[in-house]
Amino acid sequence: MKMPSAEVPTIDVSPLFGDDAQEKVRVGQEINKACRGSGFFYAANHGVDVQRLQDVVNEFHRTMSPQEKYDLAIHAYNKNNSHVRNGYYMAIEGKKAVESFCYLNPSFSEDHPEIKAGTPMHEVNSWPDEEKHPSFRPFCEEYYWTMHRLSKVLMRGFALALGKDERFFEPELKEADTLSSVSLIRYPYLEDYPPVKTGPDGEKLSFEDHFDVSMITVLYQTQVQNLQVETVDGWRDLPTSDTDFLVNAGTYLGHLTNDYFPSPLHRVKFVNAERLSLPFFFHAGQHTLIEPFFPDGAPEGKQGNEAVRYGDYLNHGLHSLIVKNGQT
């Protein structure tokens, strides 16, 4: 039975790139309404070439050999690899169909202070063989910074939505230190699909209910409906778009706003279809510390959240997600 759809507006975010203050405020108002509603909106007129993105990712998944995947696999799949974030997340025959490649900040080199200090969640990216996949790494690094810039622009809209100056968040969103990540996730079509989990309502699931541990999440996906969000009326399907980015507040933004912008609880329903899911998890840096606030004024007698260093928050949140939902 088809589930009703949640209300997910499409917002033209192009004014956030410009100088028209009135139009920017209007975009902020639309973001406010979306985040106080279903928690999701589609960002249109974002300026990203999503067809090229699809082409590169499809080619990558098509040409990677099993040995290449294993050589790049994170520690959970390859004990010889110390990486726990950057690397390949393997499909396991008969158990798990989804596979993905995750990469981090291209600025994380051996000379980066956090790499030299061995700070958790900071890893120098490992890449597929550049002779076999010559255009993959250059594209990925370019795409990372494209998405980081887009996310910073979107944060101007979030700042305006919260009654702040549009540049409120920018001092804390430095390129050199961002913990942001890209995941290139492939869900295959299979004749004999591995067992999948079932939600309490009987829905078959590829990934159970969860909150995104991020500042915001900016997702591109191909045109196969799969996401559901929990609303006051129960679970609802999220509409799809293969031209726009699906945006939602992460739990850190919820923490900062004392849940004025709560991170939406969502899940991935099982669909046996070939599709891509390509989230950009936008993060601040390890040492970022922003004081939480009440956008609509502090309720009488209510204590606000305490400031938490971003790296500590993310490390704890990602660990908790794996404990609850399992290794992706």
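Cβ atoms are placed via backbone N, Cα and C, with glycine included.
Binding of isopenicillin N is attributed by Swiss-Prot to R85, Y89, S181, Y187, and within the candidate set S5, S277 the record adds S277 to that site.
Record note: Swiss-Prot gives H210, D212 as Fe(2+)-binding, and the candidate from H148, H266 in that site is H266.
Ranking the binding-site residues H210, D212, H266 by the distance of their Cα atoms from the Cα of R85 (isopenicillin N binding site) places D212 first. Averaged over the domain 'Fe2OG dioxygenase' (178-284), the predicted model reaches a pLDDT of 97. Using a 10 Å Cα-Cα cut-off around R275 (2-oxoglutarate binding site), the binding-site residues Y89, S181, H210, D212, H266 reduce to an empty set.
Each residue in D209, F211, T217, N248, S263, P264, L265, R267 lies on the same chain as H210, D212, H266 and has a C-beta within 8 Å of the C-beta centroid of that Fe(2+) site, without being one of the site residues. A 10 Å cutoff on Cβ-Cβ distances gives H210 (Fe(2+) binding site) a total of 16 other Cβ atoms nearby, all chains included. The secondary structure of R85 (isopenicillin N binding site), as reduced to three states from DSSP, is coil rather than helix or strand. Helix, strand and coil counts from DSSP across the domain 'Fe2OG dioxygenase' (178-284) read 6 helix, 49 strand, 52 coil.
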